[in-house]
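Annotated features in TrEMBL:
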| type | residues | note |
| --- | --- | --- |
| DOMAIN | 130-177 | domain 'DUF1648' |
| TRANSMEM | 6-23 | transmembrane segment |
| TRANSMEM | 44-63 | transmembrane segment |
| TRANSMEM | 69-88 | transmembrane segment |
| TRANSMEM | 122-141 | transmembrane segment |
| TRANSMEM | 168-193 | transmembrane segment |
| TRANSMEM | 214-236 | transmembrane segment |
| TRANSMEM | 248-273 | transmembrane segment |
| TRANSMEM | 330-347 | transmembrane segment |
Amino acid sequence: MTFELIFIALMNALVFWSGTLLTRLAPRTTAFGYRVSEDFDRRAVFRPFTRALELAAVAAFILTLALDIGAGALLGLLALPLTLFLWFHGRSKVRPQEFHGEPTGSVTDDAENLIEVPPVSLLGYWLGLLVIAVTAAYVAARWANIPERFATHFSGNWEPDAWSDKSVLGVFGLTFLNFGLLVLMAGSVLPFLKLKIYARTDPSEAGKKATGAVISAAATALGWFTCALVVCLSLMQLSIVLPAWQSAGTLALIGTLAASIGGTIGMIAYIMVKADKARGGLRPQFNYRDDDQFYKGGMFYNNPNDPARVVDKRDGLGVDFNYAHAPGKIFAVAVVVLLVAPLLLLFL
């Protein structure tokens with residue numbers, strides 16, 4: 001049993017468990033995509049969904065440890081179809097309810113439903129970039145100390161089983177990876193700080209404040225999460241290319257594992273705390289009707305008559321697209337491609 005296999009097992013368990021956030025973080029006005037009344041018992045319909053995914057997470061962890069690394073890595077791909085199956089099964093247990101009033105999204109450029117995002121700390125991103133630059137400069141300054149051939153991968157017994165020749169790509173490969181990771185993480189959340197985001201699921205003050213807090217907290221936490229990963233991967237780079245740093249390899253590997261698992265859990269906890277704090281004593285708006293016909297599968301907002309491009313999530317906290325417009329369609333295609341691409345590798 002190797003660190004790699006344990007890491008994959010933990011990640012698989014986390015992926016399966018993450019589906020429970022659809023209900024744990026759902027606005028209090030909805031259940032499986034349907035708007036519900038204030039006296040609706042959401043816990044009763046959510047309990048089977050969350051328990052099934054928690055059991056699946058435990059099973060995925062145990063099964064991954066019993067498989068080889070390749071099969072274990074593919075096991076995580078089953079999380080999405082299982083979550084969707086359980087979601088629609090739970091959705092079938094909820095009876096749609098009738099509400100009076102104007103449906104959400106029926107007005108144009110409604111400034112009163114605009115979500116304000118609190119200030120975001122970008123320090124984590126800047127520190128991550130600084131770590132990448134300092135590490136690259138340090139390695140470049142000690143180019144003469146780098147062996148002409150060095151190990152890039154180790155077996156479960158810490159014996160080298162892959163090698164690379166001394167070259168710019170071989171030496172600075174992790175530098176490029178770190179920079180790409182930083183750009184990807186920043187690019188996935190920072191644009192939403194500049195876009196207009198409209199409340200469609202919960203237009204109450206409590207709902208708008210919670211969504212704004214989640215966006216701000218997610219952007220801030222993701223920066224620190226990325227910074228932690230960059231530090232660990234930079235330390236790994238030093239341990240690989242410089243003999244004097246070789247003993248730091250174990251610390252880098254354990255740090256990467258801790259940052260990946262613990263950092264993800266920490267981010268979720270931080271976001272939940274910020275959302276609850278933003279709600280404060282404010283009550284959600286249960287008596288406001290938002291027509292279920294605008295939501296595909298109770299998840300995806302699709303209203304061509306609404307000019308809003310970005311809206312609050314129907315279930316879970318944060319933002320999503322109006323999939324009736326081009327940005328949402330492009331995003332949906334990109335997600336499908338990313339999900340299908342790993343499966344296509346099985347046939348190559």
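Just so you know, glycine gets a Cβ as well, placed from its N, Cα and C.
Keep in mind it's a predicted model, so treat the numbers as computed, not measured.
Same-chain residues lying 6+ beyond the ends of the transmembrane segment (248-273) with a Cβ under 8 Å from its Cβ atoms: 3, 6-7, 10-11, 14, 21, 24-25, 154, 214, 217-218, 221-222, 224-225, 228-229, 231-233, 235-236, 238-240, 317. Across 69-88, 122-141, 168-193, stretch 168-193 shows the highest tally of CB pairs under 8 A with the transmembrane segment (214-236).
Here the transmembrane segment (69-88) sits apart from the transmembrane segment (122-141); fewer than 3 CB pairs are under 8 Å, leaving out pairs fewer than 6 apart in sequence.
Sequence-distant contacts of the transmembrane segment (168-193) (same chain, at least 6 residues past either end, Cβ-Cβ under 8 Å): 117, 120, 125, 128-129, 131-132, 135-136, 139, 143, 146, 150, 152, 215, 218-219, 222-223, 225-226, 229-230, 233-234, 236-237, 240-241, 310, 319. Mean pLDDT across the domain 'DUF1648' (130-177) comes to 80 in this model.
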